[in-house]
Structures are given as C-alpha cells and as structure tokens.
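Okay, so here's the structure we're looking at.
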Amino acid sequence: MSVGINSRMVAFVVHALAVVVLVMVFVWSICYRGGFAWESTNKTLIFNLHPVLTLISLVILGGEAIISYKSLPFGKRANKLIHLVLHAIAIILGILGIYAAFKHHNEKHIPNLYTIHSWVGIGVIVLYSLQWLYSFIVYFFPGGSSTLRRDLLPWHVFLGVFVYVLAVGNSVLGFLEKLTFLEKSGLDKFGSEAFLVNFMAIITILFGAFVLLIVYSKAPPTDEEDNYSYSAI
C-alpha cells in the first residue's frame, strides 16, 4: 500500500523543515544557552553539543537518508550510495552527540543513564548501527543474492522506520526533559526560550511525519531492472 503523492515535491517540504529546525536549534544553543565547547569550565557549553549533534544526525540526516531513494533524481546505484553515506555520517555524529552528554555528566558528577530519554537514546544508536552494518553487508558489500535482498527488504524497511520513529520521539522527549530541568531552575514557562524549545519539538515531529509520508508514497518510475530498492527506504 502506498500514498499517491509526488514524493519529490513533498521532499522540498522536508528540506525546508530541516532548515527551519536547524536554525532554531542553533539559535537556542548559541543565543540562549551560550554556545559550544568541547573543553570548558562552563559545562553547559559541552552539553549544548548534544542536542545539536543528535538532531542533525539521527533526525535530519537520518530522515534525508531514508527518503533519498524517492527524493533524488539519480540512478539506483547513486541513490544507494548516498543513502549509505548519509546514514554513516549520522551514526558518527550521533555517537559524538551522545558522548557529549556523557562528558557533561561526568565532568559535573551527574549520574548517567537515569532517564527514559537516555535509555531510549542508547537503544536508538545501537539499533541504528546494527541496521547499518547488516544493510552494508547485504545490500552493498559483499552483497547478498537477489533473492536474499528481496526477502530481507521488508525487515530492512520495518527496522529502519522503527528506529527512525524512536529517534524522532526521543528527540522530542529530550526537548521536554531539558525544558523541564530549566523551568525547575527558574526559566519562565511562558518566556521566549520555552516557546522556542516547544516549537522546535513541533517542527521535529512535522519533519519526521513528512519523512514517513515519503516512505509510504509511490516510488518514482524507473527503467532500471531489479528496482525493488525504490519500493521503500
């Protein structure tokens, strides 16, 4: 079952939402939270890398990678390579973003992994990495047989969508968690920063929703044989 829309037109909405949420997270991190640093006496600057890197990687790059087969006008092989590389970059930046949170906690002597956000986050990066590894072996190098690839494709799609939905949901959960901590520390619940964080969460949800819409849209027509890759992610 597929949705009868022009996936390449809808992809422009995805790209626009990506730009909007990127601008918002940088404004929040720089203008409201003070900027970034890998080493600093102000440990907040270290933590600020966490939401930026994880949002860029697991949500934005992950979403762009997922829709690459249906949003890009290139051939199957080129789209497959772009799909693979974007996911690889997402994993690397995601790991750095998660490490930034651990580094911040360790240097401030805050316990690690005590919230559902952190638990789900570890699960997301582990599942994301395993999904990429098995997909690399089966679909890229050394590559499985045509029958194996066809048989595993539904599972590849299911796991990819499942992990991506977890990533988007956990990002929103992270915004909620951080905003709750800030408000307990005295941040105005109806101030500009609170509204900015809430709107970031909403844009993140919309971004993920449009990515999923493209996933379940009709595949672009192609003259290439063995075009099963276009049928989903």
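FYI, residue positions are counted from 1 along the chain as it appears here.
Every residue, even glycine, has its Cβ placed from backbone N, Cα and C.
What TrEMBL annotates here:
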TRANSMEM  12-30  transmembrane segment
DOMAIN    13-216  domain 'Cytochrome b561'
TRANSMEM  50-69  transmembrane segment
TRANSMEM  81-102  transmembrane segment
TRANSMEM  114-141  transmembrane segment
TRANSMEM  153-175  transmembrane segment
TRANSMEM  195-216  transmembrane segment
May I ask you to check whether the transmembrane segment (12-30) and the transmembrane segment (195-216) make contact, with contact taken as at least three Cβ pairs under 8 Å and only pairs 6 or more apart in sequence counted?
yes
Which of 50-69, 81-102, 114-141, 195-216 has the most Cβ pairs closer than 8 Å to the transmembrane segment (153-175)?
114-141
What parts of the chain pack near the transmembrane segment (50-69), using Cβ distances under 8 Å and only residues at least 6 beyond its ends?
7, 11, 14-15, 18, 21-22, 25-26, 28-29, 36, 76, 79-80, 82-83, 86-87, 89-94, 96-98, 100-101, 104, 121, 124-125, 128, 160-161, 164, 167-168, 171, 174-175, 178, 204, 207-208, 211, 214-215, 219, 229-230, 232-233
Can you tell me the mean pLDDT for the domain 'Cytochrome b561' (13-216)?
96
Grab the same-chain neighbours of the transmembrane segment (195-216) for me: Cβ-Cβ under 8 Å, and only residues 6 or more beyond its ends, written as numbers and ranges.
1-3, 5, 7, 10-11, 13-14, 17-18, 20-21, 24-25, 27-28, 32, 55, 59-60, 63, 66-67, 70-71, 157, 161, 164-165, 168, 171-172, 175-176, 178-179, 232-233
Would you mind listing the long-range same-chain contacts of the transmembrane segment (114-141), meaning Cβ under 8 Å and 6+ residues beyond its ends?
54, 58, 62, 80, 84, 87-88, 90-91, 94-95, 98, 101, 148-149, 152, 156, 159-160, 162-163, 166-167, 169-170, 173-174, 177, 229
